[in-house]
Ligand SMILES: Nc1ncnc2c1ncn2[C@@H]1O[C@H](COP(=O)(O)OP(=O)(O)O)[C@@H](O)[C@H]1O
Ligand SMILES: N[C@@H](CCC(=O)OP(=O)(O)O)C(=O)O
């Protein structure tokens, strides 16, 4: 990893379920304790840490057997409710040995959907960090079910990293990084560096995942690409390896996959918008001229003169998708007006922007 040992920064560390679980499904307290020791070492080196930890469901499963056979949703709700208490209790005790306080944040996808929730959440984590507390984040699995769920905690860790303006996101799994083939094949090697502008390694990603993992390598790759393009360095490394976290900083030969961060800096509002696509309430269709202007590198807002059609019902300030003449989505933005007002403005050129440049995110 390129970071220098003395380069202090704010980091999100995401720990996957399988890192914290033993083969029999029980919580691997020894591993957890070792990771806490390593996090403390990074803190002592001056880094600010936000932890995103999976493991509630896996931990709950080893606590009790339900009386009757449960459907998948009920089982996940039951296991996460009891497992999260155990998980956070363990972290609290382990950090407590160092006189460090940790605090729990349970997030749902909805918390990233409205700007107000987003800012409340950001404020909560900021005040914790300012007071030396380690925020420990997990999805609120008890109420996040079906379409309300994050793809997995990799997605959540990416959202937290952008929301908190972090320099790095370290994703710890049970594997050394992304392999250039099937990881179980002796010929396959870890891809040590990925430049998202040039390298497309999608073909190497298998659908396989660990016994307790949710999204597999595909979500890690998708998230890592997007986050690196927003200027945050992303590292995928093996959380089961002893001393992995300090080694990533101090030993450049440590095996991992590193996504080179883009040099461009994106405003936090634009970052929020970039990750808000799944909350879009409607669509604004635009003509080729407007598309050309929006995809140029200039700071251009979307004006009604380039709009051809409005689809869906939305309010002012909602997130909408921007669709080109071929029906392809080219970006997302926060609309200044509701759908009826935008429909009335179509074709006009003397109006406030329908989507201001500051609230516009174009896929490039
Ligand atoms: N090209 C690849 N390189 C590395 N791992 C891969 C690749 N393709 C698929 N995988 C799988 O992805 C798994 C990690 O994802 P996942 O099980 O979701 O972990 P976690 O619980 O840490 O989020 C690996 O254990 C491996 O089986
Ligand atoms: N929120 C769940 C973890 C879901 C998840 O994304 O797991 P993983 O793919 O192991 O990071 C839990 O705590 O069990």
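The count begins at 1 with the first shown residue.
Quick reminder: no glycine exception, Cβ is built from N, Cα and C everywhere.
TrEMBL names 54, 141 for binding substrate. Of 68, 153, the residue it gives for the same site is 153. Cβ contacts within 10 Å of residue 153 (substrate binding site), excluding its own Cβ and spanning all protein chains shown: 29. Proximity of the binding-site residues (14, 54, 141, 153) to ligand 2: a Cβ under 6 Å from the molecule is found for 54, 141, 153. Residue 153 (substrate binding site) sits 8 Å from residue 14 (ATP binding site), taking the CA atoms of both as reference points. Each residue contributes its Cα atom, and for residue 14 (ATP binding site) and residue 141 (substrate binding site) these two points are 16 Å apart. According to DSSP, residue 153 (substrate binding site) sits within a helical segment. Within the same chain, the residues at least 6 positions away from residue 141 (substrate binding site) whose Cβ sits under 8 Å from its Cβ are 56, 57, 76, 77, 80, 84, listed in sequence order.
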